[in-house]
Amino acid sequence: MSNEPKSKRGGSSENRGGGNVWLVLLAVTGAVVLSAFLFSDNRRRLAYPHLKELLAMSAERQEMLEAQRSASESGDAAANVDGESRPESSVISRSSSALISGDPANDIPVPKIVVPSSTKEDVWHEFSRLDNIFVADDRITGKVHFKSFVKNHPSEKEPAEEVTFLTIRGYPNDLIAAELEDLLVQSGVKWDNDRPSRFLENHWPELLMIGVLVALGIVMLKRMGGVGSPMSFSRSRGKLYSEDDLPTTFEDVAGIEEAVDEVREVVDFLKNSEKYQSLGGRIPKGVLLVGPPGTGKTLLAKAIAGEAGVPFFSLSGSDFVEMFVGVGAARVRDMFTQAVNRAPCIIFIDELDALGKSRSGSVVGGHDEREQTLNALLVEMDGFDSNSGVIVVAATNRPETLDPALLRPGRFDRHVLVDRPDVAGREEILAVHVKNVKLDETVELKGIASITSGFVGADLANLVNEAALLAARNGKPAVAMEEFNEAVERVTAGLEKKNRVMNEDEKIRVAYHESGHALVAAALPNTDPVHKVSIIPRGLAALGYMMQRPESERFLMTKSELESQMKVMLAGTLAEEMIFQDISTGAQNDLERCTETARSMVMDYGMSRLGRINLRRNTRSPFLAGSGGGEYQIMHSDEMAKMIDKEVSRIVDDMLVHTREILEQRRDVLEAVTQRLLEVEAIDSDELMRLIQENSRGPWLVPGTVTEKPKAKIVPREETESQQSNRS
C-alpha cells in the first residue's frame with residue numbers, strides 16, 4: 001500500500017513533555033526570585049526623632065553657610081573702600097577670599113547621626129545629608145547619604161552611598177506637623193507634599209514578572225498543541241493536504257469497484273468542470289460514503305483527492321463540537337471559507353454521525369451545541385455556490401442516525417455504499433497488500449480469500465501483517481500458506497493460550513465436545529465444510545473450536561440450513577451427555593446462538609407454526625453489530641409472547657432429538673476422532689474425512705437428506721407464450 005500522506009500542519013512532538021517541564025520549572029524559579037525581590041524592602045529605616053535631628057543639624061549648617069557668605073560679602077566691600085589703611089583687616093579678607101575662592105560649604109561640618117542597624121548586629125549606619133524629601137500623611141520618604149561600619153572598627157567604613165529612607169509618622173497632630181514644616185523650611189532641603197507619579201519606577205518588577213509569566217504561558221500553550229491567539233477556538237481544525245502529499249490513487253483501492261465507479265464523476269468534474277457547466281449540469285455537492293468499519297471509506301476519499309490533484313481538507317465530526325457554545329458553528333464557517341479560497345478542493349468529514357445526528361430527540365425550546373453546529377453545516381452546504389469547485393465527502397457507518405435534512409438532495413446528493421468485499425474483491429485486496437511481502441510459491445490468494453468470508457480491507461491488511469510476523473518469528477525466508485492459515489485462526493479465534501493448561505478430564509471432555517460439532521457438520525449436506533478442529537485454547541474463553549469454511553458467498557439462508565446450523569451448535573453438549581451422562585458450562589455460547597436462531601425463525605422469518613408473520617422490528621445498525629441499547633422493538637402482546645416461548649422451546653427440542661440420533665448412529669467415528677484429537681490436538685479437513693471413511697459402517701449422510709438442493713424449473717418465454725395462445 002502507499003505510504004500515508006504527511007500533513008502540512010504536522011510537527012514533531014516527541015520532546016514536548018520534557019520541554020514543558022523545563023518551562024514550568026523556569027517559570028516557578030523566576031516567580032520565586034522576583035517575589036523575593038519584590039517583598040524585600042531595600043529602603044533604610046530612619047526613626048522620626050533621628051529625622052528631626054538631621055533636619056535640625058541641616059538647619060544649623062544652613063545658618064552657618066548664610067553667616068559665612070554674609071561675612072565674605074562684607075569683607076570684600078571693606079577691601080574695596082580702603083585697602084591700604086587697615087593692614088589687619090586685609091589678612092582677614094585674604095583668608096575670606098581664599099575661603100570663597102574654594103567651596104565654602106565644604107568647610108562647614110556636615111551634620112551626622114549614627115544609629116544601629118535594624119537587620120544586622122554590631123553594624124551601625126552613619127546618616128548625613130538629606131535630599132528630596134516627600135512628606136505624606138502617614139510616612140516621609142526621601143534620599144539620604146550614609147555609611148555603614150562595624151561598631152568596634154569605626155574607621156573601616158564602607159563607601160558613601162545614597163539610598164531612599166522611610167520614616168513612619170504614625171498619627172501626627174497639628175503641632176508636630178507645624179514643627180516638622182518649620183524644620184524643613186529652615187534646613188534648606190528640597191521637599192514637597194505632592195510627589196510626581198513614579199508608577200513605572202516603583203512597580204517595574206511586578207510588571208516584568210507579569211510579562212514573563214504571560215510570555216511563558218503563551219509559549220507553553222503553543223508547545224502543548226494550543227494556539228496563540230484568543231480567537232483561535234473558532235478556527236477550523238481540519239488538516240490540509242496538498243496535491244503533492246496525496247500519492248493515493250484508484251489503483252490503491254481494490255475490492256470496491258462499484259464504489260470507485262460512482263466517484264469517478266467527481267474526479268472528472270474537478271478536472272474538467274467546464275464540460276459540465278457548459279451543458280448546464282450540476283455536480284453533486286456532497287458524496288456520502290456508507291459502509292461497515294474498515295471497508296476503505298477514508299482510503300477512497302484520499303484516492304479521489306489524489307486522482308483529481310486538488311487540496312484535501314481532512315477532519316473528523318468530533319473536531320467541531322466543543323464545550324464552548326458557538327465554537328462548532330464558527331469552525332464550520334471557517335472551514336468552508338478556507339475551502340472556497342482554495343477551490344477546487346475536497347472537504348472530507350470522517351465519522352459524520354458525531355456531528356450530524358438527528359435532531360428529533362432534542363428538547364423543545366432547549367439549546368444544544370451539536371444542533372447549532374449541524375444547522376451551520378446545513379446552511380453552508382446549501383449556501384455556497386455549487387459551481388465553486390468545493391465538494392464535501394463524508395463517511396459514516398451509522399447512516400440511520402443522521403438527520404434527514406442532511407441527507408436530502410442538494411446537500412449529500414449521492415450515497416455510495418462501500419460494502420464488505422466478496423471473494424473476488426478480497427483476492428484483489430490481498431494482491432494489493434502483498435506487493436511488498438515475500439511470498440512462497442505455495443501461497444494461493446484465491447484460497448486465502450475463500451476462507452476469509454466477512455473480512456474487510458482492514459482485516460485483510462492485518463491478516464497479511466500477522467502472516468509476515470509469524471514467518472519472521474519462525475525464521476523463514478518467505479511467507480507460506482501455513483502462516484496465512486495460522487494468521488486466519490489468530491484473527492478469528494484469537495491467540496493460542498499455551499499457558500492455559502487443562503487437566504486430563506477437561507481435555508477429554510473438550511475433545512468429545514468438538515468432535516461432536518465436527519461429526520454433525522460433516523453428516524449434514526447443507527452445512528459449510530469443516531476446515532479444522534482443535535482443542536488448543538484460544539482467545540478469552542474458547543477451550544477448543546471447530547472452524548467451517550463456506551464454499552461460496554451466501555446472502556440468503558433457508559429453513560433447512562438454519563436447522564442444520566442449530567444441530568451443529570447442539571452437537572457438542574449432546575456428545576458430552578452421551579459419553580459422560582452429564583453436561584458442562586462449555587456449551588453456553590452454543591446454546592445462546594441456537595436459542596437466538598430459533599427465536600429469529602419464529603419472530604423474524606415466519607418459519608414456525610405461528611405463521612409467516614413478523615413479531616419484532618430490528619433497530620440495530622446495518623453496519624455495526626450490537627450497536628445501541630435496544631436492538632429490537634417488540635410488536636406483540638403478552639399472550640403472543642407465551643406462544644413464542646413455547647414455539648422456540650419446541651424447535652430447539654426437535655433439533656436435540658435429531659442431533660442425538662446422528663451421534664448415536666456414529667459413535668464409533670466419534671470415538672476415533674476424539675482419540676486422534678487427544679493425540680495431535682488439531683486435525684484438518686482431510687484427516688477428518690479420512691477418519692470418517694475408515695470408521696463409518698453405513699451411509700455417512702443422514703437418511704432423508706439429499707446432496708443436491710432442489711432447483712426451480714425455468715420455463716422458456718416462447719413456451720409460455722405458446723401455452724397461453726393455445727388456451728385462448
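Just so it is clear, glycine is given a Cβ too, placed from its N, Cα and C backbone atoms.
Sequence annotations record features per position, and here Swiss-Prot assigns topological domain 'Cytoplasmic' to 1-18, 220-728. The transmembrane segment annotation in Swiss-Prot covers 19-39, 199-219. Taken from Swiss-Prot, the feature topological domain 'Periplasmic' covers 40-198. According to Swiss-Prot, the feature compositional bias 'Low complexity' maps to 88-99. Here Swiss-Prot flags Gly291, Pro292, Pro293, Gly294, Thr295, Gly296, Lys297, Thr298 as ATP binding site. Annotation source Swiss-Prot lists Zn(2+) binding site at His513, His517, Asp590. According to Swiss-Prot, the feature active site maps to Glu514. Feature annotation from Swiss-Prot assigns compositional bias 'Basic and acidic residues' to 709-720.
Shown on the structure are the features that Swiss-Prot records.
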residue: Gly294; record: ATP binding site; Cβ contacts under 8 Å, 6 or more apart: Val456, Gly457, Ala458, Asp459
residue: Thr295; record: ATP binding site; Cβ contacts under 8 Å, 6 or more apart: Ile256, Val418, Asp419, Arg420, Pro421, Val456, Gly457, Ala458
residue: Gly296; record: ATP binding site; Cβ contacts under 8 Å, 6 or more apart: Val253, Gly255, Ile256, Val418, Val456, Gly457
residue: Lys297; record: ATP binding site; Cβ contacts under 8 Å, 6 or more apart: Leu289, Gly291, Asp350, Ala395, Val418
residue: Thr298; record: ATP binding site; Cβ contacts under 8 Å, 6 or more apart: Phe348, Asp350, Ala395
residue: Glu514; record: active site; Cβ contacts under 8 Å, 6 or more apart: Val533, Ser534, Ile535, Gly544, Tyr545, Met546, Gly572, Leu677
residue: His517; record: Zn(2+) binding site; Cβ contacts under 8 Å, 6 or more apart: Val533, Met546, Val568, Met569, Ala571, Gly572
residue: Asp590; record: Zn(2+) binding site; Cβ contacts under 8 Å, 6 or more apart: Met569, Leu570, Gly572, Thr573
Shell list (ATP; ref centroid = CB of Gly291, Pro292, Pro293, Gly294, Thr295, Gly296, Lys297, Thr298; cutoff 8 A): Leu289, Ala395, Asn397, Val418, Val456, Gly457, Ala458
Set of same-chain residues at least 6 away whose C-beta sits under 8 angstroms from His513 (Zn(2+) binding site): Gly544, Gly572, Thr573, Ala575, Glu576, Ser584, Gly586, Ala587
C-beta crowding around Gly291 (ATP binding site), within 10 angstroms: 23
Env. residues of Zn(2+) site, Cβ within 8 Å of mean position of His513, His517, Asp590 Cβ: Glu514, Gly516, Met546, Met569, Ala571, Gly572, Thr573, Ala575, Gly586, Ala587
Per-residue pLDDT averaged over the topological domain 'Periplasmic' (40-198), given as an integer: 65
Sparsest-packed of the listed binding-site residues (Pro292, Pro293) - C-beta count within 10 angstroms: Pro293
For Thr298 (ATP binding site), the three-state class that DSSP assigns: helix
Three-state secondary structure, which DSSP defines for Pro292 (ATP binding site): coil
